[in-house]
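Q: For reference, the structure I am asking about is given below.
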Amino acid sequence: MYAPLLFQNPVAHCWSEPGHFKRKFCNICRKRLEDSLAMRCEICEYYSHMECMDFIVSDCKECATYVPRSDKSMPIQLHHWREGNLPGNSKCLLCKKTCWSSECLAGMRCEWCGVTAHAYCHLQLPRECSFGCLRQIMLPPGCLTVPRVDVSMETMYGYQKKQGWLLSEEFSSSGDSKTEEEDKRSPKEKEVKDKDKDRDEEIVRIFDGDSAVKKRSYRTVAVPKSAPAQVLLEVALRTFHISDNPKNYYITETTSKEDGTEREIDCNQPIRGQITSRDGKLPSVFLRYSATNQNRGHIRVYPGGLRKTNQEDVADFKNIPVDKDTTADEVLQRVLCKLGDEKADSKNYSLVELCLDKGVSECEISRSEKPWMIIQQSRRESLRRTRMTRFYLKELKDPHGTHIALYVGNLPTGLSQRQYEKILLDIIGKENKWYGFDVIYYEYGSLVLLYSNPDTAIRAYNILNKANFDDKQLLVLLLPNIQPQMIPDYVMPLLVLVNVKSGGQQGMELIHSFRKLLNPHQVYNLMKGGPLPGLYVFRNVPYFKILVCGGDGTVGWALSCLDNVGQDAQCQSPPMAIVPLGTGNDLARVLRWGPGCTGAEEPINLLRDVIDAEEIKLDRWTVIFHPNEKETDEMKLALANDTNAANTNEDTTSIFLMNNYFGIGIDADLCLDFHMAREENPDKFNSRLHNKSVYLKMGLRKMMNRRSCKDLHRSIRIEIDGRPIELPPCEGIVILNILSWASGANPWGQEKEDQFSKPTHYDGMLEIIAVTGVVHLGQIQSGLRGAIRIAQGGHMRIHLLTDLPVQVDGEPWIQPAGQVVVLRSALKATMLKKSKNKIKRRNTEPNIYFPNEASLQPQSPCADGVSGPL
């Protein structure tokens with residue numbers, strides 16, 4: 001059978017940009033990829049040469065399979081096998097022998113659990129997939145739905161829409177396709193062609209239907225002139241990868257006779273004399289299908305709309321006898337009868353024509369249309385496209401429900417609902433209006449629109465996706481829906497948030513890796529709306545974990561969004577782990593996640609660490625900046641008093657949440673210079689090593705010019721827990737919540753006998769230190785010296801007597817003179833701390849992929865999971 005038709009539920013791939021992939025093989029022609037442009041699926045390990053794209057098999061992972069009739073025990077997840085391109089040293093799970101090869105496409109691998117096996121061994125393994133060692137954080141496909149809308153997988157997963165990557169209709173997979181433009185040959189090419197005339201071969205253009213002629217799309221073949229036309233027919237079938245009986249096909253000339261009919265070529269006679277060329281062009285023929293009976297036949301209908309408890313019980317397809325007068329409604333009734341569901345009402349289903357040409361596209365057939373006539377017409381248009389078309393039974397009721405969520409971002413912040421409504425209606429028009437707002441994130445200028453009609457939702461999506469407002473491109477995302485009641489008790493799904501711009505800019509490769517290892521709907525790119533889309537999708541999940549891939553600023557961003565949306569979510573404080581991608585990564589260091597991701601770490605090991613990590617609490621602090629009120633003109637003040645006018649002074653108070661530290665003086669000044677340099681040339685700051693070298697250069701400049709923060713102790717006054725504190729001569733003050741600062745330094749120093757208690761990040765206390773200058777900063781970072789300990793406390797009031805540089809968790813600015821209050825926030829964060837002495841496990845151990853279910857415990861938020869001191 002034709003390969004694309006071997007799969008009952010085809011799923012389109014999500015293609016990357018064309019590129020070169022080392023040590024990989026094409027899944028279609030089975031040849032190496034290294035010397036040719038190729039593409040890979042971003043979700044599964046499917047690779048294809050650019051010239052093989054016409055023959056891709058749409059068998060990507062099916063990631064959203066929820067059916068309303070099922071319960072928790074019903075969904076059965078089967079292995080999703082992919083041939084070849086296995087990791088090095090892969091072992092067969094059955095025979096324990098090596099099953100990978102660097103020389104050819106060999107071995108099988110499950111895209112869900114990762115087990116590897118020989119092609120002949122994998123047939124003996126259990127069909128059911130357990131999701132392997134990641135099952136405790138995997139979001140099962142059976143608890144997910146996606147909107148039933150006609151959009152590409154790239155759109156559904158939030159990838160940039162790629163232009164021009166697909167082969168145009170003028171080119172074929174064989175590399176032998178030509179267009180009319182190529183007939184305009186150079187003199188040299190014509191000379192070569194004249195020499196070819198002397199050969200005993202005929203080069204023929206073959207069209208597979210009328211649409212191919214309109215698109216100027218054809219394949220060229222070379223056959224001996226003395227050979228019978230039957231040879232040309234067989235070569236044509238091989239060129240279009242048609243393995244059917246040649247007796248079912250025939251060849252005709254593309255030029256019609258006077259009566260409009262096509263002249264059929266006699267397959268028993270030589271090609272010479274039967275095919276002619278005109279105007280110096282290559283001779284052209286049609287490849288046609290020869291039906292024994294043009295008025296009746298059989299069609300295959302797949303029961304896609306009738307998923308059962310056990311997927312093995314559902315037949316691959318049903319052969320339905322039809323004739324030229326059989327309607328789609330009659331086909332539906334016959335299919336339901338053959339499936340043993342005679343009582344089902346055909347009005348609850350529709351017949352869908354599904355085409356697997358370069359993806360998966362569907363077209364619903366009206367009940368009065370005649371499927372057999374559709375096939376006959378399709379065969380005239382394109383034989384290849386007809387072979388890639390099938391009929392499906394689809395339930396009219398969408399398992400996704402009536403709510404299609406459309407996330408819209410990059411709107412102005414702080415507007416009212418009515419203002420947002422006016423902005424959007426002016427863009428999309430009243431005919432594409434939503435039926436309700438689900439949520440509005442006023443602080444972020446984002447909202448979620450709800451649609452009940454898929455066609456209206458797609459029209460609105462397409463309009464908004466091209467729209468700009470206030471010189472900013474609007475961000476639009478179609479969001480999936482999680483059915484929390486379907487999540488098994490032992491599963492605590494992981495929400496992955498990746499900042500692709502952090503530090504070394506390794507984020508895109510992490511997104512690709514995590515989408516292969518997990519359900520791709522668990523992984524979100526923070527450049528596409530920030531943390532809000534992912535948090536919205538997970539809002540009804542009673543307990544889950546978060547993995548933030550980025551720097552300390554990204555972690556703070558995620559925590560800040562969680563503060564805003566968590567109150568309305570089922571899980572208000574999900575535990576958060578970190579993959580450090582930033583420059584400093586101080587919070588990640590304290591929680592044992594390391595100084596920075598180097599790219600050498602195996603992504604699956606990062607996920608295992610998240611599973612084994614322990615929950616802890618992180619104190620968070622509110623920093624309130626209140627600048628001094630500026631002097632008001634005396635005349636304006638007198639007029640205001642005379643008229644009893646309200647005080648018109650603007651409230652310039654600003655509030656920030658601090659997770660790591662708060663700096664005033666020299667370290668904030670350095671941070672500000674670095675921040676401004678990165679804003680001017682963001683493309684240069686894509687390496688962690690480069691970022692640190694820039695810091696070093698700026699520090700050396702500050703040594704030469706010490707005027708900026710000199711005598712800082714005379715410019716500020718500090719009260720801790722109501723007591724004034726005397727400051728030593730210094731150029732910088734740092735208030736610490738964690739014992740890591742400036743890329744891993746411990747300014748508090750080693751423990752020693754003094755009046756201070758041992759600090760932790762959950763003791764409700766802050767530590768205050770002083771830095772004497774740039775040299776002292778360098779000594780602290782190199783570990784040669786500690787900072788000057790000043791005090792510990794839980795409430796601080798700082799008086800700034802002049803404008804000074806400040807920074808909160810790496811975000812710097814110049815703060816005007818005034819008061820700063822630091823107090824403990826009621827918003828605590830639950831973090832995940834990497835466990836020590838983690839046991840190394842081999843990828844080939846069976847217990848990794850088939851863990852003992854008795855050891856899986858129900859997951860739920862629990863205060864007992866909070867660890868003690870560091």
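Note: Cβ is positioned from N, Cα and C throughout, glycine not excepted.
Pulled these features from TrEMBL for this protein:
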- 12-60: domain 'Phorbol-ester/DAG-type' (DOMAIN)
- 78-129: domain 'Phorbol-ester/DAG-type' (DOMAIN)
- 172-197: region 'Disordered' (REGION)
- 177-197: compositional bias 'Basic and acidic residues' (COMPBIAS)
- 200-266: domain 'Ras-associating' (DOMAIN)
- 317-398: domain 'Ras-associating' (DOMAIN)
- 489-627: domain 'DAGKc' (DOMAIN)
- 850-870: region 'Disordered' (REGION)
Q: Would you mind splitting the domain 'Ras-associating' (317-398) into helix, strand and coil residue counts from DSSP?
A: 30 helix, 25 strand, 27 coil
Q: In the domain 'Ras-associating' (200-266), how many residues does DSSP assign to helix, to strand and to coil?
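A: Its residues divide into 19 helix, 26 strand, 22 coil.
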Q: What average pLDDT is reported by the model for the domain 'Phorbol-ester/DAG-type' (12-60)?
A: 89
Q: By DSSP, how many residues in the domain 'DAGKc' (489-627) are helix, how many strand, and how many coil?
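A: Secondary-structure composition of the domain 'DAGKc' (489-627): 52 helix, 31 strand, 56 coil.
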